Structure formats: structure tokens, C-alpha cells
Amino acid sequence: MGLEKSFILFSLLVLVLGWVQPSLSKESSADKFKRQHMDTEGSSNSSPTYCNQMMTRGDMTNGSCKPVNTFVHEPLADVQAICSQENVTCKNGKKNCYKSTSALHITDCRLKGNSKYPNCDYKTSDYQKHIIIACDGNPSVPVHFDATV
């Protein structure tokens, strides 16, 4: 009888762990935004290899080359504060986008025309521009980089 109970408990444990474990490893939209768009450590400093390094580090060249990406060189708190600034319509028509009230230091990375996976090669361009981000949650946090203006 004791062995039967142990087997049932073990089976339940395996079932629960199998159900919980995948949710523990799933990256949240907010964490993905930080990984793909935040570089608070500095800027490209006009280095032509900045985008190549950052796109690889941000896991955006795994399986294919992401065609366009923007990195923001401002404190995370400043970017999160945009979620309470001017509400604008997103490119996809949703109403959860917000425009920064001031221009931010950003680096734009664009895949060069002749570049093919696995040798993703990016053009690096620095700008001071307003950004538009999508925000979700309570408290509202950035989950998608929508545009620069």
C-alpha cells in the first residue's frame, strides 16, 4: 500500500513539474523588450560593428537575420515613464502606444542589402529621436518598440 501511494505522489509531482517548468522559462514581453531594445550601458560611439555585436548578443540573429532593430541608450526608468506620456495609435491600429515627450539617444540597426544568414551584417546609425512604444500590464511597462519620429 505504501509503494502505491509513493507511486501516485511521484506521478503527481512529475505531472506538476512538467506543467510548471515551461512557464518558468518563457520570457515575458517586457523582458523581451529589454533584451532587444535597451542598451543603458552606453552607445554605439559610431562603431561600425556595434549593431553586429548587439544583434548577436540580443539573440536576434538566431535562425535568421532580424531586418531592423533600434536600441535605446537611456535609463530603463526613463523609457518606462513613456508609458504614461502621450497616447498614440500603434502602426497595427492598437491604442496602447505612447510617444516620448523628448528626443532620446538611439541606435538604428538595419540589415545591409547583400547580407544573408548566418553572416548578418548591419548598418549602424545614431540618432536623437522621439520613440513610440507599446505598453501593457499594471503597472504599464514597455512590451514593443513601434517607431521613431
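In case you wondered, yes, glycine gets a Cβ from its N, Cα and C as well.
Among the candidates CYS97, CYS109, the disulfide partner that Swiss-Prot records for CYS90 is CYS97.
Checked against Swiss-Prot, the residues ASN45, ASN62 yield a single entry marked N-linked glycosylation site: ASN62.
The recorded disulfide partner of CYS135, taken from Swiss-Prot and restricted to CYS83, CYS109, CYS120, is CYS83. Cross-referencing ARG57, ARG110 with the substrate binding residues that Swiss-Prot gives (LYS32, ARG35, LYS66, PRO67, VAL68, ASN69, THR70, LYS91) picks out ARG110.
Long-range Cβ neighbours of ASN62 (N-linked glycosylation site) (same chain, at least 6 residues apart, Cβ-Cβ under 8 Å): none. In three-state terms derived from DSSP, CYS90 (disulfide bond) belongs to neither a helical nor a strand segment and is classed as coil. Checking Cα-Cα distances from ASN87 (N-linked glycosylation site) against the recorded positions (HIS37, CYS51, CYS65, CYS97, CYS109) with a 10 Å cut-off leaves CYS97, in sequence order.
Of all the disulfide-bonded residues listed here (CYS83, CYS90), the one with the fewest other CB atoms within 10 A of its own CB is CYS90. In sequence order, the recorded positions near HIS144 (active site, proton donor) (Cα within 10 Å of its Cα) are HIS37, drawn from HIS37, CYS51, CYS65, CYS83, CYS109, CYS120.
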